[in-house]
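K.L.:
Below you will find the structure I want to go over with you.
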């Protein structure tokens, strides 16, 4: 009897344990704990109809209508966004150009700030000086430039005739045969035909429209750059507010470094292009080459192209100088080549000392991509954009990768 009592007590306890009172029904109910799959490997799997985590896309395949509707709406939204950007491409170019112009003028404004001039007054001084320079160019250079452009097309037959009498033309004819004369005649016929000149310019009406569009675009860019330059510090602060507070100090330093580098690069490009134009103008003037003002302006515009601008102008100007004679053309080619070396090894390191260095291969690739997408403007802004991307990679992406074990 003594051995049976613990067994009976345990049985009674075990029997009473699963019983509980259902408060809602007032009856006894038995609570069962669901058995796991590990407890019963032979149990059939239960499908609840819910997709596992990370597989919701494949679960949507069970409702193809909803999936197709979502994909169609997404595609339509992408197309509408692309069309909007396409229609606003001109405005976007104006905004980008104005922003880069403001970044290029910001170092000058900050230079005045370091000399105890407030930022508003510094902006007024910079834009007043820019307006005076622009007015001087329009009043002094433009009339001469227009006359020289007209004289270039008027004197073109005489220039070609003098070229055909030169010793250099005789050497070309002896070396390459009669093809040189045929090519020269075709070029003369093409350039002296008014219909071809109108076709090159897109017609008189289209040319006038292009001039009006260019002038209005310049006014818009100037006004926008003025607003951007005035609000640049506040724009930086507002941009840094989007970054998490713990990373805001580093983001502010990177923003200042990027904007300073872009401003230094753009200002340096303008200074180097101006030096090229002065050298080209003086060489044409002292060597007696035609159209010195026109070639100076052309040098400024072409040498703004990164990396290849100086070489491109050197080839173009030397070729045009051959129409005057091979001796002045040779002198021009040698002197300008010496200046190109001086610019590459002396002027550029001093002017671009604050800009971010970019490998040569990336400079070429960036210039080609930017030029293909946005023309000359794209080629100009491609290098600072590439430099900014390199800076972000060096200071954000690479440290994160180095921190990983």
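Heads up, the Cβ atoms here are built off N, Cα and C, so glycines get one too.
As annotated in TrEMBL:
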- 65-85: transmembrane segment (TRANSMEM)
- 91-109: transmembrane segment (TRANSMEM)
- 121-146: transmembrane segment (TRANSMEM)
- 197-230: transmembrane segment (TRANSMEM)
- 264-287: transmembrane segment (TRANSMEM)
- 293-315: transmembrane segment (TRANSMEM)
- 320-340: transmembrane segment (TRANSMEM)
- 360-393: transmembrane segment (TRANSMEM)
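For the listed features, I'd like the structural context: burial, neighbours, distances.
P.N.:
Within the same chain, residues 92 sit at least 6 positions outside the transmembrane segment (65-85) and bring their C-beta atoms closer than 8 Å to a C-beta of that stretch.
Away from its own ends, the transmembrane segment (91-109) comes close to residues 85, 119, 122-123, 126, 130, 217, 220-226, 228-229, 232, 259-260, 262-264, 266-267, 270, 374, 377, 380-381, 384 of its chain (Cβ-Cβ under 8 Å, at least six residues beyond either end).
If one looks beyond the transmembrane segment (360-393) by at least 6 residues along the same chain, the residues whose Cβ comes under 8 Å of a Cβ in the stretch are 93, 96-97, 100, 254, 257-258, 261-262, 265-266, 269, 304-308.
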K.L.:
Out of 264-287, 293-315, 320-340, which stretch has the largest tally of CB pairs under 8 angstroms to the transmembrane segment (121-146)?
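P.N.:
That would be 293-315.
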K.L.:
Checking distant contacts: for the transmembrane segment (264-287), what same-chain residues at least six beyond its ends satisfy Cβ-Cβ under 8 A?
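P.N.:
Apart from its flanks, the transmembrane segment (264-287) reaches 100-101, 103-105, 107-108, 293, 295-301, 303-304, 306, 309-310, 313, 317, 321, 328, 331-332, 335-336, 339, 343, 347-348, 351-356, 380, 383-384, 387.
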